[in-house]
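To keep things clear, I will list the structure first and then write my remarks on it.
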Amino acid sequence: MYKQANPDLWQGRIDSETDESQFRHFQTIELKDINETKVDKKAGTGILGYAVDKGVELNNGRVGAQEGPDAVRKAFGNLSVLTPCPVYDYGNVYHDHDHLIDTQEEYAELAAKMFQNHNYSFLVGGGHDIAYAQYLAMRKAYPDSSIGVINIDAHFDTRKADSSTSGTSFRQILEGDDNADYFVLGIQSASNTKSLFDYAEERGIEYVTADEILHEISPTIKDKIDHFINRHDVIMFTICMDVVDSAFAPGVSAPAVNGLTPHIILELSRRIVGHPKLVSISVAETNPLYDMDNRTAKLVALFLHNFIH
């Protein structure tokens, strides 16, 4: 179920009502109906929320991520506008279908429209089943292109299941599309079963463990990212917030006790964000029910701010 953006979410400190150099994003955000918005030339950044945690529930995780998109909006709205980049809020999609895949399909239809309007599209979850919806949107928008999927995540999310969950997205992509590849950074060895590592070997999944990038990113790993991007026509980028150490991101569905720092994630992201092949970015698993001082939502908002500016 699609709902347009809620203007009440966009509030914050006002330093000036006339001097644009003192504006914050809540003062410049544009609220749009995605079904009625069509632009002549791609511009700015679009935001579409995936207010869904049914996939987390089906994956036996702790629910609450459906509140993630609005928590991120509230945090992002009070951040400063540093460059003249328009940002459009298209609202949220909610789960009201019998099956999760139907909600993912609905989200994909709307996200694909957004891709046509903006240089970058920012998709905010919600559970990491947003990644399969993101992929479906990419395939709708680019039916004949090779898609490179880059995921910063503690988990492979290649579980085998009878239906979509927050832990199946990338298996669904790989087994349904010979023209898509998967590269994941931040894998926690103790949090993925041997069968998942075996599946990665079988499918030729490229991955980098958290231990390899815990303190710095070597030139070899930077080269791996660059080579992966160069091999594909378009890039889909997704971040699961459970890859972040719980000291920085306690409000997630599956917190990490030895995760990555925000600085490492931003450095990894800089290899990807800004590349002309990048089409969409998603950030998943922000769970306000377990957050502390809105720390996780603020971190996602900071990521978005860095990606835009």
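Placed from the backbone N, Cα and C atoms, the Cβ positions cover glycine too.
Database features (Swiss-Prot):
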BINDING   H128, D153, D157, C240  Mn(2+) 1 binding site
BINDING   D153, H155, C240, D242  Mn(2+) 2 binding site
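Listed in sequence order, the residues of the same chain lying 6 or more apart from C240 (Mn(2+) 1 binding site) and placing their CB within less than 8 Å of its CB are H128, N151, I152, D153, A154, H155, D157, A284, E285.
In the three-state DSSP scheme, C240 (Mn(2+) 1 binding site) is classed as strand. With the fewest other Cβ atoms inside 10 Å of its Cβ, the least crowded of the binding-site residues H128, H155 in this structure is H155. Cβ atoms within 8 Å of the centroid of the Cβ atoms of H128, D153, D157, C240 (the Mn(2+) 1 site) belong to the same-chain residues A131, N151, A154, H155, S166, G167, S169, F170, T238, D242, V243, A284, E285, site residues excluded. DSSP assigns D157 (Mn(2+) 1 binding site) to coil in the three-state reduction, outside any helix or strand. When other Cβ atoms within 10 Å of the Cβ of D157 (Mn(2+) 1 binding site) are tallied across all protein chains shown, the result is 28.
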